[in-house]
Amino acid sequence: MVARSSDVRPSAVRHSASPQAGGRGRRRGAGRLAGLGVGGTALLFLLTGCDVGAAFDGFGWPQGGISPEANRMYDLWIASTIAALAVGVFVWGLIFWCVIRYRKRGNELPVQTRFNMPMEFLYTIAPILIVSVLFYYTAIVQTDVDRVTKNPDVTVEVVAFKWNWQFNYRDGVGPEANTVASTLGTTEVIPVLVLPTGRSIRFEETSKDVIHSFWVPEMLFKRDVFPGKVRNVFEVSELTTEGAFVGRCAELCGTYHSMMNFELRVVSPEKYDQFLAAKRAGKSTQEALESIGEKPLAETTFPFETRRTESNFNPDSAPAGSGS
Ligand SMILES: [Cu+2]
């Protein structure tokens, strides 16, 4: 016959009243202390955003962000992972401890702990607390990353099309603003998007055909580019590192999706002003880049060989015997 909990509770009470109760109480106290220690450590990491991620290769998250927003998202990931690991180690420890400490030793029914209100209260409150803390920090970082301002220092319109990019430097925000200079990618030349460090930059995205996605891996951020009237907008408060960074389309958009690369060239604000002035004076992007002492062509990626010829693109019109 299976004992109901009400049948065995008196035994549990008697058990705890035994002479061993003092030792058990001390052990319980030590367990609570250990739990508090693990929780406190996780909270500490969460609050300080300590960069232990570098020692663990970012726990799978790309490192080397070039904007404050990228670093904030990285810190959130690292802190969340540490908190998850702390909870995981604590729970795994409890499981193994229970398996060993309370393994079957005889036929006597062990002490039952059903309807233990403090413990059930803890089971309910602890997850709610953990989720609340994670939600709180996620909401803060997400709001920060999605924030757009009324007057960014630089506005660039990103136009995606199958299968390349056009970058329009604008004199204001929104679709009514004017393009003052433009860079258009071609099959032969990778488009280079030139932007300055230390200035807030607004990206306004629009597509000519299907959905693409604007992605510079070092910004640790990508956002879809939609066709039609939807104008996807995001901002970075500044770019912190000069250099050349490859950019990609991150949305499967058709045959040559994987070849839809561009380059982000981050330069000093002075060089950026000179570049824009050269563009406005009618120079090509390559000439303007050379005029500020930058390499004229992309250095992080190269035009892909499309291998599109008359014979393989339109086999029906190919001369007889020119291939399968
Ligand atoms: Cu695309």
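Glycine too: its Cβ is placed from the backbone N, Cα and C atoms.
As annotated by TrEMBL, domain 'Cytochrome oxidase subunit II transmembrane region profile' applies to 53-149. For the domain 'Cytochrome oxidase subunit II transmembrane region profile' (53-149), the DSSP counts in helix, strand and coil order read 72 helix, 0 strand, 25 coil.
In the predicted structure, the domain 'Cytochrome oxidase subunit II copper A binding' (151-278) carries a mean pLDDT of 95. Residues annotated as domain 'Cytochrome oxidase subunit II copper A binding' in TrEMBL: 151-278.
Positions annotated as region 'Disordered' by TrEMBL: 1-28 (among others).
Residues or ranges marked as region 'Disordered' by TrEMBL: 287-324 (among others).
The transmembrane segment feature in TrEMBL is assigned to 33-56 (among others).
Taken from TrEMBL, the feature transmembrane segment applies to 76-100 (among others).
Annotation comment: TrEMBL describes 121-140 (among others) as transmembrane segment.
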Helix, strand and coil counts within the domain 'Cytochrome oxidase subunit II copper A binding' (151-278) (DSSP): 16 helix, 62 strand, 50 coil
